[in-house]
Structures are given as structure tokens and as C-alpha cells.
Amino acid sequence: MPAPTGTDHPDITVTDSLGEHDVARARLMVDGAAAADGISPLSEQAVAAIDAAAGSGVRHVISAAGYANISPGRGDEPAMIEAVVDPQLRRRGHGRALLTTAFGEAERAGDARVWAHGDLPGAQALAASMGLVRRRELLQLRRGLGTGAPALPELIVDDSVRLRTYAGSADDAEILRVNNAAFDWHPEQGGWGAEQIAERVGAAWFDPEGLFLAFDAANPERLLGFHWTKQHDTELGEVYIVGVDPAAQGRGLGRLLTLAGLHHLAATGRSEVNLYVEGDNTAALHTYERLGFGRYAIDVAYGRPEGD
């Protein structure tokens with residue numbers, strides 16, 4: 001299918017950066033859609049990118065009725081579009097016009113996809129009307145930690161592993177090494193640099209006691225894996241990132257690190273925990289389901305059918 005061109009909505013603007021007024025307008029639309037739908041229309045990264053400076057690589061598509069941003073693809077990975085339409089202006093063709101423009105921009109450099117967070121009926125219908133198909137699924141899993149929830153298995157650390165929490169920037173190089181080895185295939189998680197670590201360490205939710213590091217007892221300087229937890233509010237925690245060095249696979253480190261984080265989140269008083277996992281990552285799904293997680297929601301990336 002050729003890249004879409006043109007639009008019947010001439011007020012749509014494409015730019016490398018947004019002015020202060022447009023940043024505020026985009027954030028209001030995101031907040032309004034989240035309140036209306038019970039789920040944010042944009043990911044954490046896409047929300048942060050709303051006020052990204054020119055030169056960041058992010059492209060913005062904005063109109064009076066909607067907003068989208070385009071994150072460029074890395075290597076063979078597609079560009080990713082995230083979009084929102086003002087809830088009060090839906091079903092008037094604005095979503096289609098916004099995505100037509102966004103795909104037209106994104107596909108100049110290759111393949112592109114658009115996230116539908118929650119895969120709501122309106123998003124499904126819009127995707128179908130544009131000839132888009134499901135190309136990727138990201139599952140949100142949840143389990144309880146509070147009263148009435150299944151008890152967590154005991155945390156048992158093998159003598160071959162040294163488990164501790166984050167000790168500061170001296171740990172960053174090993175975290176980056178393991179992260180980029182574990183997620184070299186991942187469009188968002190792979191290819192991190194020091195700025196990605198600094199951004200998260202500087203976030204309001206960051207807690208060094210919630211970042212678990214597993215080192216090799218025989219080589220204490222070598223990181224085997226890590227688990228970064230996140231606390232969203234007083235009730236909900238998150239298994240944010242679990243990364244294991246591919247060279248250390250098969251030692252049960254994913255389960256160990258996940259369990260360490262779950263015990264920590266339970267100790268902070270969180271009553272529920274969530275995580276995100278690729279829909280086709282059967283090994284990770286099996287691990288999480290054995291730890292009591294169940295499916296809660298789904299995000300779908302829609303794109304052109306393969307071969308178009």
C-alpha cells in the first residue's frame with residue numbers, strides 16, 4: 001500500500017518541535033483522553049517527547065483536534081507513531097486525518113506503526129478502515145500483593161549470585177552493558193546510552209532500593225542481570241525492566257530478580273503490581289504466570305500488512 005498523502009484537514013501542522021501553547025494543548029488532550037478512556041493514549045516515552053527539542057529526531061503532528069508524535073526507527077525497526085484525538089471531537093474524521101499525515105511523514109524513512117494503547121474499539125475500527133493490521137502486541141499483566149492475594153514464593157538466593165541494590169553511577173556501565181545485550185532486538189529498550197539511565201535515575205519515582213542487581217559471585221564486578229521496579233502511587237507498583245545478560249541465561253535469574261522486586265514492592269505497601277511483556281515472548285510469559293500474574297490489558301501496534 002503506498003504511503004498516504006494529502007489531507008482534508010488543512011489545519012494539521014508537522015514540526016520538529018512544539019511551541020509552549022501547542023505543548024500545553026497536546027498535554028490537555030492526553031489528559032482528557034486518559035480521563036475519558038481510563039487509559040493513557042500515549043506511552044510514558046511519548047508523553048515525555050511532547051516537549052522534545054528540535055534535533056531529538058521526534059516529529060510532531062498537531063491540529064486543533066488531535067496530536068501525534070513520530071519516533072524514528074532504529075536500524076531495521078519501524079518508526080512508531082502515538083496519537084490522541086480530543087475526546088469531545090471524536091468520530092469526525094480527525095483521527096484518520098491525523099494518522100494519514102503521520103504515516104505519510106513516518107514512511108518517508110521506511111516502515112511505520114501506530115500504537116493503540118488498550119486496543120479500544122474506536123482504535124480497532126480506525127485501523128481497519130485504513131487497512132492496517134496487528135503487527136505487535138504488548139501485554140499488561142497484573143497480580144495482587146495485598147490481603148487476599150496469593151503469597152509470594154520465598155526469595156532464595158543461590159551462593160553463585162550476589163544480590164544487592166543500586167549503589168550509584170558506578171553501576172551504570174554494567175547496567176547499560178546488560179540492558180543493551182538483553183534487549184538488542186527491542187525497539188524501545190535497546191540501544192540505551194548514559195542519558196537513558198540519567199533520565200530514569202532523575203525521575204520522581206526512582207528509588208535506589210528498588211533497583212536490584214545480581215552479580216556473579218565468582219566475578220563480583222560482572223553484572224548478570226537487573227530488575228528495575230517503579231512505584232506509580234500508594235497502591236500500584238511495576239516490574240519496570242528485568243534484563244538478564246544472554247550469556248547468563250538458564251540460571252533462573254529472571255525469576256530471582258523478579259521475585260526480589262515483588263518482595264520489595266510488597267514491603268512498601270503496594271497492593272498490586274503490573275508489568276508489560278511482548279505477546280510473543282512465551283518464556284517470559286511462562287515465568288510471570290508461574291509467579292501469579294494474569295492478563296489485564298493489551299497494547300497493539302498496527303501497521304501495513306507484510307509485503308505492502
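Even glycines carry a Cβ here, placed using N, Cα and C.
Counting every protein chain shown, the number of other Cβ atoms lying within 10 Å of the Cβ of Ala83 (acetyl-CoA 1 binding site) is 25. The annotation acetyl-CoA 1 binding site is assigned in Swiss-Prot to Ala83, Val84, Val85.
What Swiss-Prot lists as acetyl-CoA 2 binding site is 242-244, 249-255, 281-286, and the listing cites sequence analysis. Under a cutoff of 8 A between CB atoms, and with a sequence separation of 6+ in the same chain, the neighbours of Leu285 (acetyl-CoA 2 binding site) are Leu139, Val277.
The domain 'N-acetyltransferase' annotation in Swiss-Prot covers 161-308 and rests on sequence analysis.
The binding-site residues in question are Gly250, Gly252, Gly254, and the one with the fewest Cβ neighbours inside 10 Å is Gly250. Excluding the listed site residues Ala83, Val84, Val85, the same chain places Met29, Ala33, Pro41, Gly66, Tyr67, Ala68, Asp86, Gly95, Leu98 with Cβ atoms within 8 Å of the centre of the acetyl-CoA 1 site Cβ atoms. Comparing C-alpha positions, Ala83 (acetyl-CoA 1 binding site) sits nearest to Asn281 among the binding-site residues Val244, Asn281, Ala283. If you count neighbouring Cβ atoms within 10 Å for each of the binding-site residues Val85, Val244, Ala283, the highest count belongs to Val85. Of the listed binding-site residues, namely Val84, Val242, the sparsest CB environment within 10 A is found at Val242.
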